[in-house]
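Can you read through this structure? Questions will come right after.
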Amino acid sequence: MIARIWSGESPLWRLLLPLSWLYGLVSGAIRLSYKLGFKRAWRAPVPVVVVGNLTAGGNGKTPVVIWLVEKLQQRGVRVGVVSRGYGGKAAAYPLLLTPETTTAEAGDEPVLIYQRTGAPVAVAPERAAAVKAILAAHNVQIIITDDGLQHYRLARDIEIVVIDGVRRFGNGWWLPAGPMRERASRLKTVDAAIVNGGVARVGEIPMQLAPGLAVNLRTGARCDVAQLSNIVAMAGIGHPPRFFATLEACGAHPQKCVPLADHQTLAPADVQALVGEGQTLVMTEKDAVKCRAFAEDNWWFLPVDARLSGEQPDKLLEHITSLVR
């Protein structure tokens, strides 16, 4: 229903316009208060790169964060990552991740980024506190904030927006009548716009999510996902249909697709109930970090990597690297 409202297919979005105007007024006032100096943002002693969205819902932001961290690490840059930690609840904040940190404490995306990159990761509702925690414990040269484009209390040096190339901005309205956190005109002020799928427009960086080999949660064994049989697909991400379409494109044809809410807590019994005798469960890597502790032998995940094309990605990386002292 939400997807139909935000796309403009359902006329119900008109009923939500008063709330959208209120949302737009408040969010615009917050941004303007920082722009005019009525409120002061905290500036870290190292450069800060924000990777965020203009819309609610999954746009492929986390793969971009992982891509950026890995590319900077390859250039010898010491990177730290901060996040709000959606879906997690720590005993105290800021929380600096360790190998023992669970998704229940930190949220699924921070744990995934930590496991994939090995970079220091900290979570806190106040992102400045997370930055300070990393700087106190690690000699990092740059901070990447996973989401937080609208978190103006943290000053930033680079802003990167990730756009779903198929859905783009839906009906163009602010939440809740539409998907927008800010108006599309905000793109004029960011340093880079990365478009996940669809067709990138002039000045935008095209990106595709490239699937790898399926990985068994219990053993770590790898295989072509198309070789798995009787698949039940599970996706607890911002836009589950994208994952199901990826499986189809890989030659894997699920018998059943189970969309879940983004950051949804997964209980062992609930996940186990999805799979019948002789079936194979295939999930996203973000779901896998929540399920690994109670995984069954026939549970697999399909990792994806961001693939950015054209000359702009290298120019963006050069620009970011030039900020490092």
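Every residue gets a Cβ built from N, Cα and C, even glycine.
According to Swiss-Prot:
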BINDING   Thr55, Ala56, Gly57, Gly58, Asn59, Gly60, Lys61, Thr62  ATP binding site
CB neighbours of Gly58 (ATP binding site) within 10 A?
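Excluding its own Cβ, the number within 10 Å is 23.
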Using Cβ atoms only, which residues of the same chain lie under 8 Å from Asn59 (ATP binding site) while being at least 6 residues apart in sequence?
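Residues satisfying the criterion: Asn53, Val162, Ile163, Asp164, Asn196, Gly238, His239.
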I want the residues beyond Thr55, Ala56, Gly57, Gly58, Asn59, Gly60, Lys61, Thr62 whose C-beta is within 8 angstroms of the mean position of the ATP site's C-beta atoms, in chain order.
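Neighbours found: Asn53, Val162, Asp164, Gly238, His239.
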Give the number of CB atoms, excluding that of Thr55 (ATP binding site) itself, located within 10 Å of its CB.
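That number is 24.
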Test of understanding: give the count of other CB atoms lying within 10 angstroms of the CB of Gly57 (ATP binding site).
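Looking across every protein chain shown, the total is 16.
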Counting only other Cβ atoms and using a 10 Å cut-off, which of the binding-site residues Ala56, Lys61, Thr62 scores lowest?
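Each of the binding-site residues Ala56, Lys61, Thr62 was scored by Cβ atoms within 10 Å; lowest is Ala56.
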For Gly60 (ATP binding site), which residues in the same chain are close in space, meaning a Cβ under 8 Å from its Cβ, but six or more apart along the sequence?
Val162, Asp164, Asn196, Gly197, Met207, Leu209, Arg242, Ala306
